[in-house]
Amino acid sequence: MDPVKAQQLAAELEVEMMADMYNSLLRMTGACHKKCVPPHYKEAELSKGESVCLDRCVSKYLDIHERMGKKLTELSLQDEELMKKMQQGVTST
């Protein structure tokens with residue numbers, strides 16, 4: 001692959017990854033806020049219960065996100081190995 005095209009592709013993938021991370025952060029923030037903070041609140045500060053709820057919600061969300069990332073990486077590596085084996089099988093015939 002042309003080095004310039006490879007750099008462009010890497011830059012595009014980085015922008016896409018950053019957008020995905022931002023969207024994931026927005027989803028997490030919205031979901032945890034909806035779950036833990038009542039729609040009509042009277043105080044500007046979070047209550048202890050709301051704070052604990054948000055902490056747990058974010059912790060769970062990040063844990064699941066990490067687990068999914070590891071699993072997707074594992075599956076991606078398996079796919080790469082399978083593709084290499086298939087290419088070796090095609091080139092050896």
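Cβ coordinates are placed from backbone N, Cα and C, and glycine is handled just like the others.
Each of Cys32, Cys36 is a candidate, yet Swiss-Prot gives the disulfide link of Cys53 to Cys36.
Restricting the average to the motif 'Twin CX3C motif' (32-57) gives a pLDDT of 94.
Looking at Cys36 (disulfide bond) and Cys57 (disulfide bond), their Cα atoms lie 8 Å from each other. Note on the motif 'Twin CX3C motif' (32-57): DSSP counts are 15 helix, 0 strand, 11 coil.
Rounded to the nearest whole angstrom, the C-alpha distance between Cys53 (disulfide bond) and Cys32 (disulfide bond) is 8.
In this view, Cys36 (disulfide bond) is surrounded by 19 other Cβ atoms within 10 Å of its Cβ, with every protein chain counted.
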